[in-house]
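Only one structure is covered here, and it is reproduced in the block below.
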Amino acid sequence: LIFTPSVNLNVSHEWGADMDSSPSMSIDKLLPALLECFGIILCGYIAGRANIITPTQAKGLGSFVSKFALPALLFKNMVLLDFGNVIWPFLWSILIAKVTVFVLVCVLTLIVASPDGRYSKAGLFSIFATQSNDFALGYPIVEALYQSTYPEYLQYIYLVAPVSLMLLNPIGFAFCEIQKWKNGSNHQQRKLLIVGIVVLQVLKNPIVFMVVIGIIAHFALHRTIPPFMAAFVDGLANSFGGAALFYLGLSMVGQLGKLTRSTVVTLILLITAKLLLMPLICREMVDLLNNSNTSALNHSSLSNYAFLYGVFPTAPSVAIYAIYYNAELEVVTSGMVISTFLSAPIMYVSAWLLTMRWMDPQLLMNSLQNVSFNISIVTLVALVWSITVMFLSKKFKRLPHMFTANLFLAQLLTCIGMILWNFVVKEDNFVGQVLTFALLCTSLYSTFVWPGMLSLSLALIKRFEDVKVSPAVFVIAGWGIPAIVTAVLLICGVKSSDTIDSAFFYGKPQIIGTTVVAAFSILLGGSSLVCLSRGSWTHSDQSQEGNSAEDLMTEIEPDNQTLIEPITPSGDVNTGTLSNEDHLPGICLWLLLDNVPGRLYLELQFFCAVANYGQGFLSFALFGLDKHLIILPFKKRLYSLWCRKKQEEQPQSDLPEEIRMTCTQFTKYHKDQCFQDIVKRRRCGKRTAVDSFLGCELVQWLQQVGLAQDLGEAVLYGTRLQQGGVLQHIMQEHGFQDNRLYYRFMS
């Protein structure tokens, strides 16, 4: 996010007039609809998390939803669809927007990604950014908003989704098939089959098949379902809503646990493309192409509807594609969960602003100021904690954490500057306002520059192990560039009258300065990360071997304090290089090109205020909970207290029958074979070796020998073994998990 300049609401009369128009959607039913949808999703998640429904059973429900209920729903609506009420420019606008995002994500992925998985990543990431959860989650939301005002809008859901499935997804599948062909041995044969496989995959999709059949039946049956099959089709179609949402909750279980630091940047960029870039492009395309609409109110309503449609989260079927091609499963599944829950507040706030009648501009500016002030206070506490942890762990002495500490300091000064600004702006003290503005503007611009500097330092550390550039040069640039831009504003700028917003204190020159600083950091950081990614390709094969002993040693004893923190072959380093301006590059161009921004701009303005002054929360999430200083001691203490309590309350002889039977069966018939198959002697520290195994290895072994039918049963089996004292975590800090945690059998 960049420091987006606010619109001068005191002079935007047209914006006020737009606010005075009657609402085109009903906001009253939106909150109940959101609670209904996410309540059912939560029930499904709880059922899966508590193992009430196992993964094998969940697959059966998923097959019913995707192969029976949804095709019946599509067939019914295709037959009953009224093509006479369709505004075709709206459909072309959504299609062009989807194609634009698809191509953008695909091209950037092909440029940045490593060659070993470039094409599969391009295909899956492009589908992730364009395929929305239109039916299970989108349709109830649209129905709640437009059923009483524009009921014909509901049919666009059934028109837009199949177009995406039939046009864009096959392109993504083709990229995935190309990757399979490149990884295979028989290139000639595979090359001839790629097109056939993609076409066959599309035709075998029951959703595409039933859409085609439904359109044929629409004209053959004259928009009427025969009475003898109407009840049958209705029964299947009506079962879709609740079952699909429940299955969505089931499919979320355990997905966030697969997220790693190396995938965080990719995930954030994909979610940004899906939830922010897509709705903006959809809205602008409708404004551009739907000029023939004679009703200004209907045109505005379609534009707003396009924005809301773009906010719909990613469909769960994308995770199925990732499983099928065995590629980028961690990113896709985690992104599906995060985008689903992020979409709810974005949809609600968007709908609220779009239905809100005219409001006093001064009140809106005061609200924005209060949001910035309150966020700054909370973030200040988080940053003080993060900086304290950084110094106690002595990470600030190493590169690139030395530069990360400067980023934390810039974020801290930004919060202090905003808190001071909240008081001085209300007083008639020009000198105080200028000094506070200098502190706030310099520190905030510095938060833009430092992520780029961090990325550059990572690239240099990767390229030159002895780091040819002095850290002092980075420190001078990280603080000097913002200071120079702020000084130019103070010397050459003219203070805007009647404004309390620090983002618009010097008017258009400040907008231009913000754009220049943000663009500089984005280009610097982006190019550095591309070089870092490309430079790590030649070392990627080395990261798969010899990890066990090293991971074990890392888990048991802290890393030695060195001047330069080592970077893994994948280019990942234990540092935060996420740029807060990466989310919305160049948003302030909106204000430069459009002097009368509307209500959606107001939403982005509040969003940017939260992100600019709340970016310390990201720093706290990455560094505030240091593994060796806080998390591991806390887990160890909590786990020891819990185990001691369990042992006191439940002696070995009083264990439940199913636990004792499981432990007896495993110890008597399977333990020796399991020991031979998965237990290895691994180095633990410098002088000690331990016979240990990974939790994920035991889970896989239990399924291979038939002791568990699926992942859920395997984890439950391992948990019973731990509760019965057959196995334990080597440090006694974790329960049994399907993860790269180390366990050992008890003698």
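Using N, Cα and C of the backbone, Cβ positions are placed for all residues, glycine too.
Please treat TrEMBL annotations as automatic predictions, because they have not gone through curation.
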Range annotated as transmembrane segment - as stated in TrEMBL, picked from 124-141, 610-627, 628-645: 124-141
DSSP-derived helix, strand and coil totals, residue by residue, for the domain 'DEP' (679-747): 23 helix, 19 strand, 27 coil
Cβ contacts the transmembrane segment (60-80)/the transmembrane segment (153-171), at least three under 8 Å, sequence gap 6 or more: yes
Same-chain residue ranges lying at least 6 outside the transmembrane segment (405-424) that approach it to Cβ under 8 Å: 369, 372-373, 376-377, 379-380, 383-384, 386-387, 390, 395-396, 432-433, 436-437, 439-444, 446-447, 450-451, 454, 475, 478-479, 502, 576, 612-613, 615-616, 619, 623
Range from 86-112, 227-250, 472-491 with most C-beta pairs under 8 A to the transmembrane segment (153-171): 86-112
Segment proximity, the transmembrane segment (86-112) to the transmembrane segment (331-353), 3 or more C-beta pairs under 8 Å: no
The domain 'DEP' (679-747) [mean pLDDT, rounded to integer]: 82
